[in-house]
Amino acid sequence: MFEPVKIAPSILSADFMNLGRDIALIEEAGAGYVHVDVMDGHFVPNLTMGVPIVKQLKKATSLPLDVHLMIDNPLEQLPWFLDAGADLVTVHAEVLDADGLARAVASIHAAGAKAAVSLKPRTAPGVLAPVISDVDMVLVMSVEPGFSGQSYIEGSEDKVARVAALARSVGASPLVQVDGGIGEATAPLVAGAGADVLVCGNAVFAAEDPARALAEVAAAAEEARLAALAARKEA
Ligand code: DX5
Ligand code: ZN
C-alpha cells in the first residue's frame with residue numbers, strides 16, 4: 001500500500017510482430033508487471049490472446065505476468081493459465097457468485113500465484129465483501145472491458161476510493177489496480193484516490209517514446225499519491 005505506484009503496460013496495445021522488443025522496452029523503462037488481456041468473445045465482444053502467449057511471455061521476461069481474464073468460464077481455464085506461468089490472475093466478479101469467487105481465489109493461491117478480482121464500471125464494490133480479505137488485488141475497470149484506447153470514464157476514481165475504504169473497513173490491504181484510459185492526465189486522479197497499480201495500453205505503446213511515456217505516467221501518479229497521503233495526514 002505504501003510502495004510507489006507501479007505501471008502495468010497492457011501488451012494488447014503492443015506491436016505483436018515485435019513483442020519481444022516491446023517487452024524488453026517496458027522492462028527497461030521500469031514497468032512493474034506485464035498486463036495480459038485475455039478476452040473470449042463472450043464476456044466481452046473482442047477476442048485476443050490465451051495460454052500459448054502466456055507460456056511464451058514467461059520465457060521472455062522476468063517481470064510478473066498480470067493476467068486479466070475477461071472470460072465467462074474462469075474456473076475451467078484457471079489451471080491452464082496458472083500452469084503457463086501467470087504470476088497474478090484476475091477474474092471478473094460478474095461471472096462468479098460468492099462461492100465461485102472463493103474457489104477461484106483458492107485455486108490461484110494453491111498454485112502459488114496472486115489473486116485479484118475485477119469490477120466492471122457498473123458493478124458495485126459490495127460484491128467484493130466475501131473475498132476482500134483473501135485477495136491480493138482488486139481491479140477497478142475505468143472503461144467497459146473489451147478494447148484498448150477508450151476514454152477514461154469520469155468519476156472512476158470515486159470507485160477506487162470506495163474499494164480502498166471497503167478494504168480498510170475490514171482491515172484488509174489488497175493492492176488496487178485501475179485499468180482503462182489511464183495516461184498522464186488521468187493517472188493522478190486514480191493514484192490520489194488510492195490506486196497502487198495502473199494499467200496503461202495506448203498511453204505507453206501508442207506514444208512516440210514509450211519508455212518516456214511510462215516514466216511520465218508513473219511520475220505524475222506518484223506525485224498525486226504522495227500529495228494525497230500528506231493531505232490525509234494533515235486532516
Ligand atoms: C480493456 C483492457 C485494458 C486495455 C487498456 O478491456 O482490459 O487492459 O487494453 O488499454 P488503454 O490503456 O489503452 O485503455
Ligand atoms: Zn486489462
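Quick reminder: no glycine exception, Cβ is built from N, Cα and C everywhere.
Just so you know, TrEMBL annotations never went through curation; they're auto-generated.
TrEMBL annotates H35, D37, D179 as divalent metal cation-binding residues; of H68, H92, the candidate listed for that same site is H68.
When the Cα atoms are compared, D37 (divalent metal cation binding site) and S148 (substrate binding site) turn out to be 10 Å apart. In sequence order, A8, S10, L12, V36, D66, T90, L139, V199, G201 are the same-chain residues whose CB sits within 8 A of the CB centroid of H35, D37, H68, D179, the residues recorded for divalent metal cation being left out.
Checking the binding-site residues D37, H68, G146, S148, D179, G181 for a CB within less than 6 Å of any atom of ligand 2 leaves D37, H68, D179, listed in sequence order.
Distance between Cα atoms for H68 (divalent metal cation binding site) and S10 (substrate binding site): 10 Å, as a whole number. Taking the C-alpha positions, the distance from G146 (substrate binding site) to H35 (divalent metal cation binding site) comes to 14 Å.
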